[in-house]
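All remarks here apply to the structure that follows.
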Amino acid sequence: MIDSIITIEKALAAAANAFLALPEDKKSDTAKLDAEVLLLACIDQTRTYLYTWPEKQLSHKQHKQFLNMVERRKRGEPVAHIVGFREFWSLPLEVNAQTLIPRPDTETLVEQVLALEITGNISLLDLGTGTGAIALAIASEYAHWKITGCDKVGAAVTLAKRNQKRLNENSRFDNVHFLQSDWFDAFESQKFDVIVSNPPYIEPDDPHLNQGDVCFEPLSALIAQDNGLADLKHIISEARKYLNQNGMILLEHGYNQSEQVSDFLYKMSYKGIKTFTDLSGNDRITVAQWQE
């Protein structure tokens with residue numbers, strides 16, 4: 001029984017086994033990591049500590065807190081929601097139920113921004129910023145860029161600003177500005193050198209919406225009409241008015257949507273269209289250039 005275990009090693013093993021025994025709709029592919037992240041939140045230590053002191057006993061308070069977290073995870077609640085944060089691009093970001101949990105695959109979008117062959121005082125717009133993950137990750141690499149992140153959900157903008165403030169030691173993220181906007185509505189005649197977005201792109205009837213972490217995430221950040229392409233098409237079409245000459249657009253999309261996204265970019269007269277794969281080898285990011 002998990003309740004009788006008070007050492008780090010045994011607590012982790014029992015929790016991981018409990019996660020592996022869950023039904024498919026609640027099972028995690030990262031049972032061991034889930035257990036580690038939950039326990040670390042209880043003992044306030046680094047991951048190295050778990051392997052250095054496996055026989056260390058948990059206090060009654062730590063053990064009780066861990067058991068509570070394990071039960072929440074067994075009900076399918078995302079680890080990020082339980083502990084209140086998720087690491088993205090080595091940045092610890094606060095998360096909550098009002099925003100999408102940043103995924104490792106989205107780091108591919110950041111990588112492609114960093115790979116762009118552009119110089120100077122670049123302006124970038126992150127549409128649907130959520131936690132601010134993409135904007136803050138890029139800002140951590142390019143302090144001289146002027147970065148704007150927007151979201152139509154006020155609670156998401158508040159969260160992104162809170163993440164910025166917490167990370168902003170030595171004014172490291174002063175080049176980022178977050179504001180509320182439904183896609184381009186707040187920008188009127190403004191233009192940008194780069195526009196990025198990880199918009200909703202899941203079909204409303206996709207069975208995966210009833211499985212795993214997405215059950216606890218806001219549907220507004222996940223689903224889009226027109227086979228999941230409605231928001232992508234809107235961004236592609238409207239971005240032409242907000243991109244500078246030779247400006248770049250980078251979009252995250254579903255693994256099976258790259259052809260449709262590329263075709264629509266071509267239809268809207270974008271050039272240099274390329275698709276890049278994520279950590280699992282699936283088509284995930286499509287990049288194009290706007291030339292009037």
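Using N, Cα and C of the backbone, Cβ positions are placed for all residues, glycine too.
Checking the candidates Asn168, Asn175, Asn198 against TrEMBL: the one annotated together with Gly128, Thr129, Gly130, Thr131, Gly132, Asp151, Trp183 at the S-adenosyl-L-methionine site is Asn198.
Mean model confidence for the domain 'Release factor glutamine methyltransferase N-terminal' (25-84) is a pLDDT of 92. For Asn198 (S-adenosyl-L-methionine binding site), the number of other Cβ atoms no farther than 10 Å from its own Cβ, over all displayed protein chains, is 25. Secondary structure from DSSP puts Gly130 (S-adenosyl-L-methionine binding site) in coil. Geometry remark: Gly128 (S-adenosyl-L-methionine binding site) versus Tyr201 (substrate binding site), CA distance 12 Å.
Under 8 Å, Cβ to Cβ, and six or more positions away along its own chain, Gly132 (S-adenosyl-L-methionine binding site) finds Leu93, Asp126, Gly149, Leu159, Ala160, Lys161, Asn163, Gln164, Val176, Phe178. Taking the Cβ of Trp183 (S-adenosyl-L-methionine binding site) as reference, residues of its chain lying under 8 Å away and at least six apart in sequence are, in sequence order, Leu127, Gly128, Cys150, Lys152, Asp231, His234, Ile235, Glu238.
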